[in-house]
Every structure is written in structure tokens, then in C-alpha cells.
Amino acid sequence: MMITLFTLAVVSIGFFLWWLLTVQPAVTKRALKHIPELRFEDNDTPERYTQDSRSLLFRGYDKYLRHGIPFQMRHPIEELGPQVLLPMKYLDEVKYASTSLFSFPLFSEKVFLLNYSNAPRQTDAAAHVVRVDLTKNLGALANGMYQEAIEGLNQSLSASEEWNTLPAYDFLSSLTAQVTALALVGPELCRNREWIDISLQTTFAIFNAAFTIRSQYSPRWRWLARWQSDAPKRMRAMRARAVELLAPVYQDRLAAIKEHDFGAFADCLHWSLRGNGGETSLTRIAEQQLFLTVASMHTTSSTLTAVLFDLLIRPEYCAEITKEMQEALTECEGKWTLQEVAKMRKLDSFMKESQRVHPIGFITAQRMTVRPHTFKDGLHLPAGVIFQFPADAVHHDPAIYPRPDQFAGYRFLHLRETVDANRYHFASVSDTMLGFGAGSHACPGRFFTSLAIKLILVVLLTQYEVKLADCDGSRPANGFNDFNMGPSREATIMIRKRSGL
């Protein structure tokens, strides 16, 4: 009898914890009644928040945030409740706060239903290997990444000087996957088509799984999705295949570590194992690699595509920056170091201005409150609230950036020359440049992203002629979804080898 009662108690407690973590209702408007709400004046539907949230954010910034007042707005995913936009005065309290108070992983779980989809998760180990090992070794990786960009273009394009017409985003995503995979998993897999396909598909699989599960199961019954829904099954299959592809590479890295040959390989897989004394399992390594792919792949390729579009419609900038690249190439004799990359200051400034005008997201520092919190000035947020800061609106504030709607490719070069030579570079973060987040939780891979984009652009612009296909001189229109923006997925480019090369 005692065993039965004990078992029943354990099951009951377990069910309550499951309910608390997965079925607990989202925070209500009533709990946020002290925060003003902003809505669309007409057609205030969830779809409108998916398609037109930028205009509402700008309205909210001018009406509330600029004056230090937070506001709430509808979340396009109704079950998540209202979301809060905070003014910048709260950023310092948030950006250094512990994840036990304000959590991005919890936000990701609630939005993408990671508990049900078998998707790879963020881990401290993965963030550490990028922040420390990868960043520290970028100089050693630079030339290999440059050569990989050359190889990737040679594989994709005809050797003749005929024009190749290609879908810009898909082409650049595949090239980015190959170049970045060299640093993530090493030379054995960076040219493996199946690994590249997994790299490209994982992010979309996560989005699709969340959408499918949310549409098929109410919160109370989502635990069934792991066994019934095809979406988690597809994710499991991708993870299993990733493990199979990584297995021989994993064994090679493990053998090198056991022989104390710590310099044998320069990639994140090796550094992850070395940091744990070779005791990290293959399954866990695969989890880390898939997460790093999700974190870096489409953000890097989207930014690269946006920068290229901005260059191609501004031939005066394109010519000057290509000349700067050629001078750097001559000086380094085709063997890149970080010092030589850093000399391309016009390119760096142009990339940062492109990111300011055409970001991949309108907001930054997305978090969910793990427990109730009262800020220093008395603002209270209950547990379970999604909140964020208005990056895009800050980047278009004329009090911060004069003539913010004008694309000034050398805006940040001028600031480096007149204000501070050590600030305003592409990978830097500040309270007025939020493209990579803020504080201790800023994107740990931003220096890697910067290097990859620059080296790919060097190969594209110095060895090839590139132009937009069917272009009337205007930039291909961006796509919008919720708080996200990205370069056109339909736009095509024309590319051919420069004569004499």
C-alpha cells in the first residue's frame, strides 16, 4: 500500500511539473494591465502581426519607447499571450542578467516547441567553444576559409566565361554552409553534399515542426506529438544521419586527443572534445554541431545576401570596395591573416550600414521571464512574459543616426575616423548598434560571421563579375515574417568568371 501511495505521489508531482512547464497558461493581459497596449487600428488579426509588425514597432517606439515607457502588443502565436517591448533604459539590467531570471532558451522552447520536436538545443558548451576556441583561432582558419570559398564557387559555376543565372539566396546559402563547415566540422565534411543539405535544412525543419505540432495538438496533448507526428520523426531521422556522418570524424578527433596531439585539427568538433578531455559522446557532439549550424547558417547567409544586394545596386561603392579587396589581396599575397582582413575598412563599414538598414530582425535581446521581476524603477514583469528591445527602431532614430533612411555606406568608417577607431566595426555591439545582441549574451559567433562574409565577398567580387538578373536598378524587396526580415528568396543573380583569371 505504501509503495502504491508513494508511486501515486511521484506520478502526481511529475504530472504537475509537466503541466507547469508545458501546459501552464501564458501570462494574461490582466497581469500586464499596468503596461499600455498598442494595436492595429484596423484589421487587428494575428496575420497582421506576422506581416506588418515593423510599422507597429515604429509607432510604439515614437509613442512610448522613445520616452522611456514600455508597451505590450499581441503575439502572432496567440497561446503565448501578449509580448512586451522595453525601452532602452532597461537594457543594462537585462543584458548582464542570469538566464535563471531572463532566459533565451526558455523563450526558444516556448516559441519553437523544442520539447516536442526533437530539435537541437542551445548548450553552454556550444556557446563556449564558439566564444573562446573558434574566436581565438580565426586567424588560423582565415586562409582555409578563403580557399574553401574559391573551391565552392569552382564547384558551382562553369569554368567558362559564360554567365550563370542562379537563385541568389540558395546559391549563397550553400556556399556559406561549405565555408563555415570547414571551421565547424573540418575538411572531411565541409564538401560533403549530404552534410551541407542537413546544415541547410535543419533550421527550416525546426520551424516546420513547431508550426505542425502547434496546429495539430493543443498544449495539453502535445506530449503525443513525439510519437504521432511526422515532424519529430523527420527531426529524429536528420539527427540520426548527422550522427552517422560525424562518426568517422569524431573518431579521428578522439584518437588525436588520446595521443595528446591537440594541434592536429582546427575545428569546433575537435575543440569540443578537447575541452571535455575526449569524454563527450558522439550523440552530444552531433547535438552541438546541429545547434551551431542552426545558430549560424541562415543568419550568416541572409546577411551575406543582403550585403551583396546592397553592393550590386550601388556600383560606385562596389568599385571602391573591390579595389580595396584587390589591394589587400596583393599585400597578403593571397594568404589571409586577420590583420589583412581588418584593413578592408570600407567593406566593414558598408556591411555594418547594410545590417543597420536591412537587418534580419527588428528586435534584440528576446527573453522570457523565468520568475517575477521588478526593475530598479518599479516596472514589474510577471513570470512567463516574452519581452525584447527595439533594435530596428533604434537604428532608424534620427537622434542617433542622422538621416537614418539614407544608405551611407561609409557611415561607420567616418565614425571610426572621427569618434573612436576601436568602435563601430561590423562585429561590435553597443546600446546603439544591436544587430548582434547586447552584453554578455551578444552573439558569440559574430566575429566568425564577419570573417566568413568578408572572405566570400572577396572571392565573388575579385574573381567574378556579378549582377542582379532582371533588375531595374532597385534592390530586390525584402521578405517579412513576424519580427524577422530577410533578403528576397526569389531574386536571381548572374555571375561569370572575370576574363584573364
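Placement of Cβ uses the backbone N, Cα and C atoms for every residue, glycine included.
As recorded in Swiss-Prot:
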type: SIGNAL; residues: 1-28; note: signal peptide
type: CARBOHYD; residues: Asn115; note: N-linked glycosylation site
type: CARBOHYD; residues: Asn154; note: N-linked glycosylation site
type: BINDING; residues: Cys443; note: heme binding site
Close in space, distant in sequence - Cys443 (heme binding site), Cβ under 8 Å, 6 or more apart: Phe436, Gly437, Thr449
Position of peak Cβ density within 10 Å, selected from the glycosylation sites Asn115, Asn154: Asn115
Asn154 (N-linked glycosylation site): secondary structure state under DSSP, collapsed to three categories: helix
Rounded distance in angstrom between the Cα atoms of Asn154 (N-linked glycosylation site) and Asn115 (N-linked glycosylation site): 41
